[in-house]
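Feature annotations, reproduced from TrEMBL:
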type: DOMAIN; residues: 8-53; note: domain 'F-box'
type: REPEAT; residues: 130-162; note: repeat 'ANK'
type: REPEAT; residues: 163-195; note: repeat 'ANK'
type: REPEAT; residues: 196-228; note: repeat 'ANK'
type: REPEAT; residues: 266-298; note: repeat 'ANK'
type: REPEAT; residues: 299-331; note: repeat 'ANK'
Amino acid sequence: MPIKQVRPSPLLDLPIEILLMIADILDTRDVGSFLRTARRYASILDSHLYQRARSHICADENSVLEWAAKRNQAPVIRKLLRKTRDAPIPLEAKSKALCLAAEAGMHCIIELLVDAGADLSSAIDMGRSSTCSALQLAAGNGHETAAHILLGMGADIAATNSIQETALHYAARGGHESVTRLLLERGADVAALTIERETALHYAVPSRNEAVVKLLLEKGVDLEATSSTGHTALFSVFDVESSCSESILDLLLAKGANVAVSEPSRHLTPLHFAAQDGNERAVRSLLANGADVMDRDYLGHTALHIAAESGNEAVVRMLLEKGADVSAVAVEEDDTPRNFAKSNGHEAIARLLEEAATLRLKNLA
């Protein structure tokens, strides 16, 4: 049986000018497919494709440069940079790709882009609540090697974003011990404050990483620094988005954290927050370190009011044992702990408080 010969494509005989005109009317993806069909097309259309890529980089938020930066495609970036020497890629595009590479921890790409002129100081809008630099993104995602390279290439360790967060704030919030240690060794300022007057310690405590908190304390971070809402780091233990870390609470208390501090606006103390959480261990630790069961918030509520409202019987008993006033009245005449428990359906606690009030009256008689 005779072997069937494959007839060459008539396209192969077309002049280069015609092939380039065809490429001009094709989508970039189709140009890529076109040049892969024959070696001759590849040699002709390769430069055309990379020049086309440059125009997409200038206009498209999801360009091939960003794609390559996020996926560690160093050969693509090298070729892209080489093929666009005559019409260089804009600085802003290279800087955004640098941020994406830092976010993904692609340290080889970081070196390529910085060598190609990407701006280490650029803060790029990454679709978050604030702008971010490459170092901040590397720190916030725990990429120690990337952070190390960025610092070695001249990234400013003290640079802040639009809400005054430093790279140290990013690392602390993420609970990244190795990056936090690196930044502190390189001289990061533990006293740096955000626009809300929060230190890295405020950020580290809710991350629940005890090692990061220890590192900051060892470097002398101010344990009593207050945020714009009047919160010290001790309040951050009871962050609403994370459960209380008892080991971090113990660490802060061992370092002398002030348990008597209260918010300027609502006058809530850490004991109020612990009672609201129903955390027996936290309540016990605060009481053992001098928290006052008689402290009241701006509405006159004691921790006993809060515990009764929340329905935690063990915390209620603990507060009573420490001398909490069962008859304490808040702003309204009937705002007693017992009424708080009853109005929230905690009948057993209401009875417990009623018994405690009766016993108190007998003792006073």
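Backbone N, Cα and C atoms are what each Cβ position is placed from, and that goes for glycine too.
Where the annotation comes from TrEMBL, it is an automatic prediction and has not been curated.
Under DSSP, residues within the repeat 'ANK' (163-195) fall into helix, strand and coil as 17 helix, 0 strand, 16 coil.
Broken down with DSSP, the repeat 'ANK' (130-162) shows 16 helix, 2 strand, 15 coil. A mean pLDDT of 95 is what the model gives for the repeat 'ANK' (299-331).
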